[in-house]
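According to Swiss-Prot, the feature signal peptide maps to 1-21, an assignment based on similarity to another entry. Taken from Swiss-Prot, the feature domain 'GH18' applies to 22-386. What Swiss-Prot lists as disulfide bond is Cys26-Cys51, Cys307-Cys368, Cys448-Cys461. Residues annotated as chitin binding site in Swiss-Prot: Glu70, His71, Gly97, Gly98, Trp99, Thr100, Met210, Ala211, Tyr212, Asp213. The annotation active site, proton donor is assigned in Swiss-Prot to Glu140 on the grounds of sequence analysis. The region 'Disordered' annotation in Swiss-Prot covers 385-416. The domain 'Chitin-binding type-2' annotation in Swiss-Prot covers 415-464.
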Amino acid sequence: MVQSLAWAGVMTLLMVQWGSAAKLVCYLTNWSQYRTEAVRFFPRDVDPNLCTHVIFAFAGMDNHQLSTVEHNDELLYQELNSLKTKNPKLKTLLAVGGWTFGTQKFTDMVATASNRQTFVKSALSFLRTQGFDGLDLDWEFPGGRGSPTVDKERFTALIQDLAKAFQEEAQSSGKERLLLTAAVPSDRGLVDAGYEVDKIAQSLDFINLMAYDFHSSLEKTTGHNSPLYKRQGESGAAAEQNVDAAVTLWLQKGTPASKLILGMPTYGRSFTLASSSDNGVGAPATGPGAPGPYTKDKGVLAYYEACSWKERHRIEDQKVPYAFQDNQWVSFDDVESFKAKAAYLKQKGLGGAMVWVLDLDDFKGSFCNQGPYPLIRTLRQELNLPSETPRSPEQIIPEPRPSSMPEQGPSPGLDNFCQGKADGVYPNPGDESTYYNCGGGRLFQQSCPPGLVFRASCKCCTWS
């Protein structure tokens, strides 16, 4: 009895230590600002006490140097990094790459040691200037999608160069070392072709495993976007299209469990059924599902678009749900499947959870009757992260005051403001704490982070 109590105490201590060290890594995108007003998302909409790390997606690359992508990226950087005044423990990273970025610029950059050093120096300068705490490499994928096989070794060299430079810069400057992470695939073929796992794991602070997109409307039958386990009867390659197989692969190839962060999606993959009466897993499909009312992309639905579908079922052996209505079918994750995945990653001793993406959860609590961020808040609770503690009065940062005009134009008296103007940001003569943003001929009014004002000279929010 004494031994069992002692063992229980040890296990409790381990759980407390694990929980306090767990990471909850959340991505946000710089294109969610263009969605319709009800679901438009800016960095200022991020709850600063929700995630331990927030990664801004995406930066680009020009002439082997980090670069912005959207015309107002630098303002969005400021919005994000100002959240650290509310939660000094929050870490922010900048992700470079992404699916649509492709591989060519990465391939050119890693081709020579000189090119890599150009990138390394630009990354150091860019991250420090913009106030980020680290860099996330999202090359999709070295050794794949037109990237030559030699990029596998060159990607390792890039990571080692960055890690060395980040360490040296921290020692010389006295600043906290910049973090270095990477987003990586689940597919065995892509992993084998592009990643020297044991080597890169030594230099990266953590690895974000993209454990989703296992099935999509590119296939002729329905399948789940992110199943935890294989389905009964699956074998061969089909049996590897799940979270457990992906985690096992990365662990077997040499990733320390504490560095592996399990990615989870706040979106679902949708299909159009060949027949509405044949609506199970593996049912024939004719193509992607219809665009969602807010995300407006074929084959993809946000959690806030899928959560209200009535005809919902669970794939018991895969621990995930799907739903259908008429000839539309969607596989997605919900609170229950996130709990199952959180329990799984704790059992495996992984370093935490990653979420793609903040803006596809029901971030306002407007659609699913579960409060704001139901999926991500579930992870925070299940990972035993500390509850948000009230700030003392001197720590409270006032929120930007509500705008008197709608965020989406045209607006009264300003219908023609963006006509003849290039996409970009412009001062608001009536209120220097806000600015006008012209994009595609539409007018938006946006607010600077608290305490900052907009200056036309730098087209940025700065101290008054």
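We count from 1, first residue shown onward.
Every residue gets a Cβ built from N, Cα and C, even glycine.
Structure coloured by features recorded in Swiss-Prot.
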residue : record                    : CB count, 10 Å
Cys26   : disulfide bond            : 25
Cys51   : disulfide bond            : 29
Glu70   : chitin binding site       : 18
Gly97   : chitin binding site       : 23
Trp99   : chitin binding site       : 11
Glu140  : active site, proton donor : 21
Met210  : chitin binding site       : 20
Tyr212  : chitin binding site       : 23
Cys307  : disulfide bond            : 23
Cys368  : disulfide bond            : 19
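Taking Cys26, Glu140, Cys307 as the recorded positions under consideration, the smallest Cα distance to Trp99 (chitin binding site) is found for Glu140. Looking at Met210 (chitin binding site) and Cys51 (disulfide bond), their Cα atoms lie 17 Å from each other.
For Glu140 (active site, proton donor), the recorded positions whose C-alpha atoms fall inside a 10 Å radius of its own C-alpha are Gly97, out of Glu70, Gly97, Cys307.
Ranking the disulfide-bonded residues Cys26, Cys51, Cys307, Cys368 by the distance of their Cα atoms from the Cα of Tyr212 (chitin binding site) places Cys26 first. For the pair Cys26 (disulfide bond) and Gly97 (chitin binding site), the Cα-Cα distance reads 16 Å.
A strand conformation is recorded for Cys26 (disulfide bond) in the three-state DSSP classification. Once the Cα atoms of Glu70, His71, Gly97, Gly98, Trp99, Thr100, Met210, Ala211, Tyr212, Asp213, the listed binders of chitin, are compared pairwise, the greatest separation found is 31 Å. Between the CA atoms of Cys368 (disulfide bond) and Cys51 (disulfide bond) there is a gap of 21 Å, rounded to the nearest whole number. DSSP assigns Gly97 (chitin binding site) to a strand in the three-state reduction.
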